[in-house]
Amino acid sequence: MGYTLWNDQIVKDEEVKIDKEDRGYQFGDGVYEVVKVYNGEMFTVNEHIDRLYASAEKIRITIPYTKDKFHQLLHELVEKNELNTGHIYFQVTRGTSPRAHQFPENTVKPVIIGYTKENPRPLENLEKGVKATFVEDIRWLRCDIKSLNLLGAVLAKQEAHEKGCYEAILHRNNTVTEGSSSNVFGIKDGILYTHPANNMILKGITRDVVIACANEINMPVKEIPFTTHEALKMDELFVTSTTSEITPVIEIDGKLIRDGKVGEWTRKLQKQFETKIPKPLHI
């Protein structure tokens with residue numbers, strides 16, 4: 001038996017009831033976050049909460065309690081479910097009202113749901129690297145909002161899956177934007193490249209951590225777009241996300257990235273990232 005965050009309470013899973021006219025269910029009218037938990041501790045949780053509130057504000061949803069209260073509820077959820085290593089998923093929808101495209105009256109309250117899932121770190125992918133495929137980016141023009149509307153990403157990820165690939169690397173007119181569920185980085189001549197954080201991508205929390213790691217090891221960073229052709233010519237390539245951490249990409253559409261092996265700079269960044277992960281408590 002598990003527990004779920006439901007609005008401002010932690011309740012048993014079976015007590016949660018989602019209304020058929022919840023706007024998240026009918027319109028994808030809401031925002032969400034995923035927080036990694038290592039050894040019982042939430043990783044970069046404040047940054048995720050900040051982004052949740054920012055996304056909500058961009059679509060004019062007011063979350064009905066403070067960030068500190070939200071943090072407290074997530075902490076209670078992790079403890080209640082005795083989560084060791086895994087993640088928390090949580091979302092905020094505009095609420096429940098008779099179906100109509102325009103916003104409901106202000107009396108309608110947002111609906112908040114959160115749950116935890118135990119899952120190990122993707123150590124094999126981190127060590128050996130993965131394959132990817134290029135997919136045209138058909139999503140909308142506000143990818144900076146972490147919206148529940150994920151159909152474009154779902155279709156891209158499915159295409160990658162059917163090709164036996166881990167990730168779809170999205171591009172608009174051959175300019176790489178991001179992955180279907182990740183940010184994309186390339187390394188050339190010791191310089192780290194990634195798409196600038198504008199409306200074409202989600203400004204990933206792990207993306208920010210990786211840029212900080214690069215600064216800490218004196219690795220130059222350039223937030224400028226690069227093309228699919230340039231991606232294939234990179235010395236190293238990797239994708240980042242809350243759950244995939246720094247996952248090397250060794251092949252795209254059958255073409256090896258350099259020699260098809262995980263590169264030296266990627267290993268350095270992984271090592272630096274490792275220093276930030278909460279360690280087990282020894283009593």
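Numbers run from 1 along the shown chain.
Note that Cβ sites are derived from N, Cα and C of the backbone, with glycine treated the same way.
When you go through K58, K146 in Swiss-Prot, the residue listed as N6-(pyridoxal phosphate)lysine is K146. Sequence-distant neighbours of R51 (pyridoxal 5'-phosphate binding site) (same chain, 6+ residues apart, CB-CB distance under 8 A): E33, K146, K203, I205. Minimal Cβ crowding within 10 Å, among the recorded positions H101, K146, is found at H101. Distance noted between the C-alpha atoms of R99 (substrate binding site) and E178 (pyridoxal 5'-phosphate binding site) is 33 Å.
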